[in-house]
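S.K.: Next up is a structure, given as structure tokens.
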Amino acid sequence: MAFHRCFLSPMTAKAADLCTRVIGEGEQAGSGRRARAGMQPRSQGGLGWSRENMDNKRMLHAVYRVGDLDRTIKYYTECFGMKLLRKRDVPDEKYTNAFLGFGSETTNFAVELTYNYGVYKYDIGEGFGHFAIANEDVYKLADNIKSKGGKITREPGPVKGGSTVIAFAQDPDGYLFELIQRAETPEPLCQVMLRVGDLERSIKFYEKYTIAMLGYADEDKTTVLELTYNYGRTEYSKGNAYAQVAIGTNDVYKSAEAVDLATRELGGKILRQPGPLPGINTKIASFVDPDGWKVVLVDHADFLKELQ
């Protein structure tokens, strides 16, 4: 099936890295030729606020559910080389979280695994695509994964029509990880891929939202959201496994205002109005985009306090 992809980063003033490569059926996505779309500041309400105030948003973590927390922690640490950053058990609500990544949560993206007591299997659905890990030697990484009993679903090799070496691995719960060969990078956990039904609409939505996401970083130095459109597909089942991404912001209230303006024109919905969470007082807001993908906005300063 042919598809187009675009890459969006909270750490760039550009709208998106739009991948112009069309990939044929049977090829899994790797790095491709990209054309940057420029953006101009707007002065309408929340859409223009952070260009003046330098709100450097950052993707904090992706949240998803697993059936065996210890098994997944072991897999990610031994196969991928991640570190267990922290763990918290909430017995009153019958769940446990574990945060893993390649660096401190103060600077790096992480995955937040959720284990709900007594739930051992989830439906990943069709909409979630994969995470991606950048590594200097994908062949060696794939061999290590296989030596630990892990599953490689695409053997290492150049992406079709290009030279970038990629592979795909599947974790014990069925989540796919694209392994991308790159030079050493400060952010190895580099992509979250989601499928969308209308790529142009999604780009417009995140353009309007990311007008408030200032800062400059190349795709190979930060975590990006990769949106994929498969020709002829407008809807996908989402299952109950993948949950959301969290993005840090200097001002949850003004960021939520920018999102609200985008939802009125293009769809989506504010799920939780900005404000502090009971008990921990971390200010958050949440929304779904026009395809129903959930994003949580988190106050930067409050998030850093949580990590202390």
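Cβ atoms here come from the backbone N, Cα and C positions, even for glycine.
Summarising the annotation, TrEMBL assigns active site, proton donor/acceptor to Glu178. As annotated by TrEMBL, Zn(2+) binding site applies to Glu112, His130, Glu178. The domain 'VOC' annotation in TrEMBL covers 58-182, 188-300. Residues annotated as region 'Disordered' in TrEMBL: 30-50.
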S.K.: What average pLDDT does the predicted model assign to the domain 'VOC' (58-182)?
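M.R.: Within the domain 'VOC' (58-182), the model's average pLDDT equals 98.
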S.K.: Report, as a single number, how many Cβ atoms besides its own are within 10 Å of the Cβ of Glu112 (Zn(2+) binding site).
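M.R.: The Cβ of Glu112 (Zn(2+) binding site) has 21 Cβ neighbours within 10 Å.
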S.K.: Treating G and I as helix alongside H, and B as strand alongside E, what does DSSP give for the domain 'VOC' (188-300) in helix, strand and coil?
M.R.: 31 helix, 42 strand, 40 coil
S.K.: Over the span of the domain 'VOC' (58-182), count residues by DSSP class, listing helix, strand and coil in order.
M.R.: 25 helix, 58 strand, 42 coil
S.K.: Would you kindly give the Cα-Cα distance separating Glu178 (active site, proton donor/acceptor) and His130 (Zn(2+) binding site), rounded to the nearest Å?
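M.R.: Checking the Cα atoms of His130 (Zn(2+) binding site) and Glu178 (active site, proton donor/acceptor) gives a distance of 7 Å.
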S.K.: Roughly how many Å separate the Cα of Glu112 (Zn(2+) binding site) from that of the residue listed as 'active site, proton donor/acceptor', to the nearest whole number?
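M.R.: Distance (Cα to Cα, whole Å): 18 Å.
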S.K.: Among the recorded positions His130, Glu178, which residue has its Cβ surrounded by the fewest other Cβ atoms within 10 Å?
M.R.: His130
